[in-house]
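Novice: Supplied in structure tokens, the structure appears directly below.
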Amino acid sequence: MEDINPMELLRSNLSRVRIPEPTNRIYKQECCLSFDSPRSEGGLFVDMNTFLAFGKDYVGWNYEKTGNPVYLHIKQTKKMVSEDRPLKKPTLLAIGVDGGFDNNELEYEETHKIVILPSYATLPFPSVELPEKVRLAVDAILMAEGAERKEQVAAWTADKKQISAYAMDLRQIGNVVVPPSGWKCAKCDKRDNLWLNLTDGMILCGRRNWDGTGGNNHAIEYYKETGYPLAVKLGTITSDLDAADVFSYPEDDSVIDPLLAQHLAYFGIDFSSLQKTEMTTAERELDQNTNFDWDRIQESGQHVEPIFGPGYTGLVNLGNSCYMAATMQVVFSTQSFCRRYYMNQSLKMAFETAPADPTVDLNMQLTKLAHGLLSGKYSFPAVEKGETTAPSVKDAKQEGIPPRMFKAVIAASHPEFSTVRQQDALEFFLHFLDQVERSNAVKPELDPSRSFKFGVEERILCSSGKVAYNKRLDYILSLNIPLHEATNKEELEAFNKSKAEKISEGKDVSSDEIVRPRVPLEACLANFAAPEEIPDFYSSALKAKTTAIKTAGLTSFPDYLVLHMRKFVMEAGWVPKKLDVYIDVPDVIDISHMRSKGFQPGEELLPEAAPEGAAESSQPVADEAIVAQLASMGFNQLHCQKAAINTLNAGVEEAMNWLLSHMDDPDIDAPISHGSQSAEISIDQSKVDTLISFGFQEEIARMALKASGGDIEKATDWIFNNPNASASSAMDTNASSNGPSTPVDAGLPDGGGRYRLFGIVSHIGTSTQCGHYVAHILKDGRWVIFNDDKVGASINTPKDMGYLYFFERINS
């Protein structure tokens, strides 16, 4: 074999070379089994038949699995940079585009060659000697936009401003001449954050910020009185008119006013002589985001010592992907995920069982991510621009690994996570566990998501003295924050008083004066377990509405307990607001008292809705707890009952989704006809057969299709979310605690109620859809901060500012 000339070898394997079509996905920036890239020591090998890329340690496995022998080898080496170019200040909230933040990318030169396995014989490229087919194939691969690049829009820019609908025919009145400086609000003493109304020249202060800084809302109040739509921020007008900050109140956004020059000239303003003195709204947002919370959660201003090695690998931000980075760092700090995707599964095992395209296989991409984060292979000091050797560990940063392929797979089934917008870390965590559970459905005993799962039981005590029980499964305990339980009430009262005085004098409250309520975590847990009144509960014992008492407890304690702090609440008018609050979280908690006691001797269950005849007794009855919750949101009682019945009492969310999509049904107000309930939804036999072909029983397939309105995908979801559904029970778990049926929580982990805090995901910003997420994790006895690609020893861990808290059971 050794003696064969490489060119002969290539010619004999030409049938294995394909010229890519425009629709082919071509990988050339990253190995599909590891985070090796063309910049890695061994470069990258692109399979010229499948266009998948492999690092030098893995390309042999691909040859064994597929027999594909011909590869394009791509290698990039650093160019020496002669002089340091000056850094420009960013003007755009963007990365890697003109005017945005500099990516500080080093410059590389790229070399190519053809490699033939298994002997690794090489041929130079470019070369006129190569067969035309090979030359065309390589050119097409090099010219193509890589699949990785398509999926990662590196240059995220804050939403582009639109031209205001009010600009072109804006009416201007009065004869005010605005002086070039020395402005003050017409209604208070504010001298900054001032806005000039472009209709009549009135100068008023801007909005008050959530932290007490900013203006006194006089400009927006003036718009509400007069309806004058546009204002420009004084101090942002310069000879570069495009940079001026024009705000449209009716459109509630920063806008473009194409006629701004003439609108300003009306008030005698010669913009060419004005110097910029004020920040625009986008800059102020950037600045607001870098104040107190930002500094404290990211531990800015303190020299955080970087840490390298196994388990200390950063994740590159792919454009607003910090919600994913923070969550995955904590997930891979758990034993269950480490064992499943790192200790017990090698990259080779995952690759051998993966489908033809390993980039779309969740098991493969989770194994790749686990090995990337936990092996230490990619956690070392990075070489900065203009340097030739790695810096000293004290000042070093690491490059981190880009979780592109993992994000593409996990987001494929989700319209929100596949964008480059910021997302809610809690929603992502739940979506992630759901996907992991599905991918392990064949061998549930291997499923690491089970270590987070637990049962919740709600007990409803009717005024008749009889009880009903509802059970469900959950991955997180979502806790309300009872602000009235704050431990620093006197300080808060004093602060609110001085704040009111300052505001009335037109002064600012500085961020270091702000006092936030402190609520103990114990109060949040007690609030979850506390009895709650349900008004208008329909009692099947009294055959009338009454007030019932609901209590909740856990039927099993998971290996890992995740507490979600409900910091985002709805204000009047459905405006989401973030509670500015500290939670005092101890290192060890004990939730033993939160275990549900279950059906007790001497208790009497509420009867099933009274049978008025044998035929009707088998009709499903709406779960009153679901109906009560929907009714409390303002939905009609009859509609709520129909929603619960049509989703087989699966839960409030399912019922609400049904309700929202059936509001306009012609028969939505028709009384519930018990006789024909089962005939109401006719089920397509072919859909039943499809579900049977997935391995589900026929009766469960029918129930699932009925509960999801005949939609196969939703029916599959329903089966996964209701693993203990059996046709006989018709999902009637409300009063199932007295029967010998398998409990909902069978086979889940369980143990003692003492837990130790080991992970915190914190959020900075005013809503879950913007801002930044950071993780702090207890590793090897010390707290470590994971802030995208930055990993270092935490100095002041912000334990009181978490959004999600992760606890692990202490096994006595």
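Cβ from N, Cα, C; glycine included.
Residues or ranges marked as domain 'UBP-type' in TrEMBL: 158-271. Residues or ranges marked as Zn(2+) binding site by TrEMBL: Cys185, Cys188, Cys205, His218. The domain 'USP' annotation in TrEMBL covers 313-810. Residues annotated as active site, nucleophile in TrEMBL: Cys322. Taken from TrEMBL, the feature domain 'UBA' covers 621-662, 682-722. Residues or ranges marked as active site, proton acceptor in TrEMBL: His772.
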Novice: Return the residues near Cys185 (Zn(2+) binding site), defined as same-chain residues 6+ apart in sequence whose C-beta is under 8 angstroms from its C-beta, sorted by sequence, else 'none'.
Specialist: Arg191, Leu194, Ile203, Leu204, Cys205, Gly215, Asn216, His218, Gly506
Novice: Determine which residues of this chain, when Cys185, Cys188, Cys205, His218 are set aside, have a Cβ within 8 Å of the centroid of the Zn(2+) site's Cβ atoms, and list them as they appear in the sequence.
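Specialist: Filtered neighbour residues, in order: Ala186, Lys187, Asp189, Lys190, Leu194, Leu204, Gly215, Asn216, Ala219, Gly506.
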Novice: Quick check for the class: what is the C-alpha distance, in angstrom and rounded, between His772 (active site, proton acceptor) and the residue listed as 'active site, nucleophile'?
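Specialist: That separation, Cα to Cα, works out to 6 Å.
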Novice: Under the DSSP assignment, what numbers of helix, strand and coil residues are found in the domain 'UBA' (621-662)?
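Specialist: Tallied per class, the domain 'UBA' (621-662) gives 30 helix, 0 strand, 12 coil.
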Novice: For the domain 'UBA' (682-722), how many residues does DSSP put in helix, in strand and in coil?
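Specialist: So the domain 'UBA' (682-722) is made up of 29 helix, 0 strand, 12 coil.
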Novice: Once the chains shown are all counted, how many other Cβ atoms turn up within 10 Å of the Cβ of Cys322 (active site, nucleophile)?
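Specialist: Around the Cβ of Cys322 (active site, nucleophile), 25 other Cβ atoms lie within 10 Å.
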Novice: Do me a favour and check the Cα-Cα span between Cys322 (active site, nucleophile) and Cys188 (Zn(2+) binding site); whole Å is fine.
Specialist: 41
Novice: Between the binding-site residues Cys188, Cys205, where is the Cβ count within 10 Å the lowest?
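Specialist: Result for the binding-site residues Cys188, Cys205: minimum number of other Cβ atoms within 10 Å at Cys188.
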Novice: Test of understanding: give the count of other CB atoms lying within 10 angstroms of the CB of His772 (active site, proton acceptor).
Specialist: 22
Novice: Could you put numbers on the helix, strand and coil content of the domain 'UBP-type' (158-271), residue by residue per DSSP?
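Specialist: Split into helix, strand and coil, the domain 'UBP-type' (158-271) gives 19 helix, 22 strand, 73 coil.
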